[in-house]
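Annotated features in Swiss-Prot:
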ACT_SITE  HIS5  active site
ACT_SITE  HIS41  active site, nucleophile
BINDING   GLU25, ASP27, ASP85  Mg(2+) binding site
DISULFID  CYS45-CYS51  disulfide bond
DISULFID  CYS47-CYS189  disulfide bond
CARBOHYD  ASN66  N-linked glycosylation site
Amino acid sequence: WIMGHMVNKKYQVDEFANLGANAIEFDVTFDPNSKADYTYHKVPCDCGRTCGKYEVFTEFLSYVRNKTTPGHPSFREKLILLQLDLKMSGFSDSESNEAGKDVAKKLLNYYWNRGSNGGRAYILLSIPSIDNQLFLKGFKLQLETEGYSEYLEKVGVDFSANEDLNSILNVLGRLEEEHVWQSDGITDCLARRSTRLRDAIKKRDTGDDRYGIKKVYTWTVDYYPSIRYYLRLGIDGVMTNFPNRVEYILNEEEFSGSLRMATIDDNPWEKYVG
């Protein structure tokens with residue numbers, strides 16, 4: 001999975017897809033009432049990127065719906081996963097819960113179009129902390145209440161704050177969440193040890209819990225040697241500002257026989273057995 005980082009403007013969807021991304025990550029901010037409002041990343045952000053670009057969240061969802069709906073003139077066949085980086089730092093339990101309900105409603109109305117020719121991409125909810133776990137409860141409850149629980153098959157979760165992995169897995173078990181991605185990373189401006197990432201990969205490969213880790217990705221990785229290093233560790237995804245670099249490396253002799261880009265036929269909620 002080649003995950004284009006900080007794709008917060010409409011024009012950037014095509015820009016990153018043209019560079020080879022089959023997934024895009026965009027930020028989601030909330031107003032004081034826990035309502036999702038913009039695709040916005042404040043200063044600071046990654047080195048070499050311009051912070052502060054944004055769209056209205058619902059308008060962006062409608063735009064990417066068209067990009068991921070077969071038959072639409074602007075359909076991008078290879079774009080198969082949307083990651084929502086949910087900006088909920090400091091939210092209380094009730095605020096997290098309300099935010100989950102609101103995001104579910106907006107996905108239902110503006111992306112899935114309530115079942116009428118909606119987008120087909122998988123959705124990855126990137127929740128900042130296990131302290132925000134009630135977001136997921138609110139999200140699921142809203143879809144179930146409105147009679148659209150079938151969309152939960154398209155949705156997975158990632159806790160992104162580099163917290164203790166065992167604590168995360170305990171929360172996932174309590175939430176009975178099976179569609180689990182686990183991230184580890186830091187801004188491209190800084191270096192980070194791979195100890196926790198290696199542990200996540202080990203838990204993915206050795207765990208047999210239905211609520212365990214299915215995919216592991218790292219962020220944000222932009223340099224050729226670093227991309228190769230992480231691929232050798234056995235990650236499933238790379239979040240990057242330069243998708244073309246990851247695509248180039250996947251075609252190198254070392255990787256071309258064992259790795260390929262994911263397609264819509266690859267289930268992101270299952271472990272990959274190469």
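Using N, Cα and C of the backbone, Cβ positions are placed for all residues, glycine too.
Proximity note: of the listed recorded positions (HIS41, CYS47, CYS51), HIS41 have a CA within 10 Å of the CA of ASP27 (Mg(2+) binding site), given in sequence order. In the three-state DSSP assignment, the secondary structure recorded for GLU25 (Mg(2+) binding site) is strand. Taking the Cα of ASN66 (N-linked glycosylation site) as the reference point, the closest of the recorded positions HIS5, GLU25, HIS41, ASP85 is GLU25. Counting every protein chain shown, the Cβ of HIS5 (active site) has 28 other Cβ atoms within 10 Å.
Nearest neighbour of the residue listed as 'active site, nucleophile' by Cα distance, taken over the recorded positions CYS47, ASP85, CYS189: ASP85.
Cβ neighbours within 10 Å of ASP27 (Mg(2+) binding site), excluding its own Cβ and spanning all shown chains: 22.
Separation of the C-alpha atoms of GLU25 (Mg(2+) binding site) and CYS189 (disulfide bond): 18 Å, rounded to the nearest whole number. Each residue contributes its Cα atom, and for ASP85 (Mg(2+) binding site) and CYS47 (disulfide bond) these two points are 18 Å apart. For the recorded site, ASP85 (Mg(2+) binding site), the DSSP three-state label reads strand. In the three-state DSSP reading, HIS41 (active site, nucleophile) counts as coil. Surrounding the centroid of the Cβ atoms of GLU25, ASP27, ASP85, where the record places Mg(2+), the chain contributes additional residues within 8 Å, namely HIS5, MET6, VAL7, ASN8, PHE26, VAL28, THR39, HIS41, GLN83, LEU84, LEU86, SER126.
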